[in-house]
Amino acid sequence: MAMRQTPLTCSGHTRPVVDLAFSGVTPYGYFLISACKDGKPMLRQGDTGDWIGTFLGHKGAVWGATLNKDATKAATAAADFTAKVWDAVSGDELITLAHKHIVKSVDFTQDSNYLLTGGQDKLLRIYDLSKPEAEPDVVSGHTSGIKKALWSSDDKQILSADDKTVRLWDRSTMTEVKALNVAMSVSSMEYVPEGQILVITYGKTIAFHSAETLEQIKSFEAPATINSASLHPEKECLVAGGEDFKLYKYDYNTGEELESYKGHFGPIHCVRFSPDGELYASGSEDGTLRLWQTTVGKTYGLWKCVVPEEENAEAAKARTTLPGTAEEEIEEVASENSDSVYSSTPEVKA
């Protein structure tokens, strides 16, 4: 029988966590960046949640954060009317890009040479990072503040969302190709390169659209208002979180709810799958990030599954070893409905 989820809690932020993003898989693993209203985006090891560093320099809430594919650069969008580009290895601030209003979204091209931004001034800006002093290319057409702006996988198109509209733009002509109107305010948007799928959430709806045409593929209705959703890299399942503090996991093909569980102590603002699909991260109003296993009970990262030899699971104990010298023996808890045992995971202190 199924074992319960045991999330790894990553503390360190002092205000709500509003955005997060993973890098691609690098020779050193993959990495996770989080944006927070405390104005201090943080970088972590993606599979363990271990804190690596904090990017210091913004003077207001940070609304958006991203990493390039090889995790050498980070970009952040903030309420101080700036977007910043950082050296993700040293933590140094490389470029500050001034805007005329709050910046909500940032995204690198595949080669990391250009940065796309969007925010409250309703304009998309494209910066050539080799010429940061040059004026950016500006794309206008949104009628309200931009919540999310993303490149397509070939960087030839741009996808952006404002209040109740998602727009598709041609990069070469800087013109709108198509607009998609939805019934309620868009709360999140994710681009999935495999299959060119756009995941959009609004109200209780989780909708999947072609990123090339904006035609709807399918949609699911959740029991509560959803703030964010993420599709597994292999499109097996999806996760979503929202106002009821719960995470929901669905079968992508059938729409069947596979799991639902609480772990946060406030509304969930953002969820994302890791690039290998083994875990997903969630960020909440409670100021924490939590990492969850896609396959509960699998040994991965800091999770270690031990199946007891004896039938009495309550007597079973196990051991989780943390990276480096930080070993900590922690109590094992038996699943209420299973003889298997799962590890409770230690809180990672930033």
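Even glycines carry a Cβ here, placed using N, Cα and C.
Residues 62-71, 74, 76-78, 80, 84, 86, 88, 91, 93, 266, 269-270, 272-276, 278-279, 281, 283-289, 291, 300-302, 323, 348-350 of the same chain lie 6 or more positions beyond the ends of the repeat 'WD 1' (12-56) yet place their CB under 8 Å from a CB of it. As annotated by Swiss-Prot, repeat 'WD 1' applies to 12-56.
Under 8 Å from some Cβ of the repeat 'WD 3' (98-137) lie the Cβ atoms of residues 60, 63-66, 68-70, 72-73, 75-79, 81-83, 85, 143-151, 153-155, 158, 160, 162, 169, 171, 174, all in the same chain and six or more residues away from its ends. What Swiss-Prot lists as repeat 'WD 3' is 98-137.
According to Swiss-Prot, the feature repeat 'WD 4' maps to 141-179. Mean pLDDT across the repeat 'WD 4' (141-179) comes to 96 in this model.
Long-range contacts of the repeat 'WD 5' (180-212) within the same chain: residues 147-148, 150-153, 157, 159, 161-168, 218-231, 233-235, 238, 240, 242, 250, 270, 272, each at least 6 residues beyond the stretch ends and with a Cβ under 8 Å from a Cβ of the stretch. Taken from Swiss-Prot, the feature repeat 'WD 5' covers 180-212.
Per Swiss-Prot, repeat 'WD 6' is recorded for 221-262. Assigned with DSSP, the residues of the repeat 'WD 6' (221-262) fall into helix, strand and coil as follows: 0 helix, 25 strand, 17 coil.
The repeat 'WD 7' annotation in Swiss-Prot covers 263-302.
Swiss-Prot lists 311-350 with the feature region 'Disordered'.
Taken from Swiss-Prot, the feature compositional bias 'Polar residues' applies to 335-350.
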Within-chain partners of the repeat 'WD 7' (263-302) [C-beta distance under 8 Å, separation at least 6 from its ends]: 2-11, 13-25, 30, 32, 34, 36, 38, 44, 46-49, 188, 190, 227-234, 236-237, 239-247, 320, 322, 340, 342-343, 345-346
Long-range neighbours of the repeat 'WD 4' (141-179), counting only residues six or more past its ends (CB under 8 A): 64, 101-102, 104-111, 114, 116-124, 126, 185-189, 191, 193, 196, 198, 200, 202, 209, 211-214
Intrachain residues whose Cβ lies under 8 Å of the repeat 'WD 6' (221-262), provided they are six or more past its termini: 2, 4-5, 187-188, 190, 192, 194-195, 197, 199, 201, 203-206, 208, 268-273, 275-277, 280, 282, 284, 292, 294
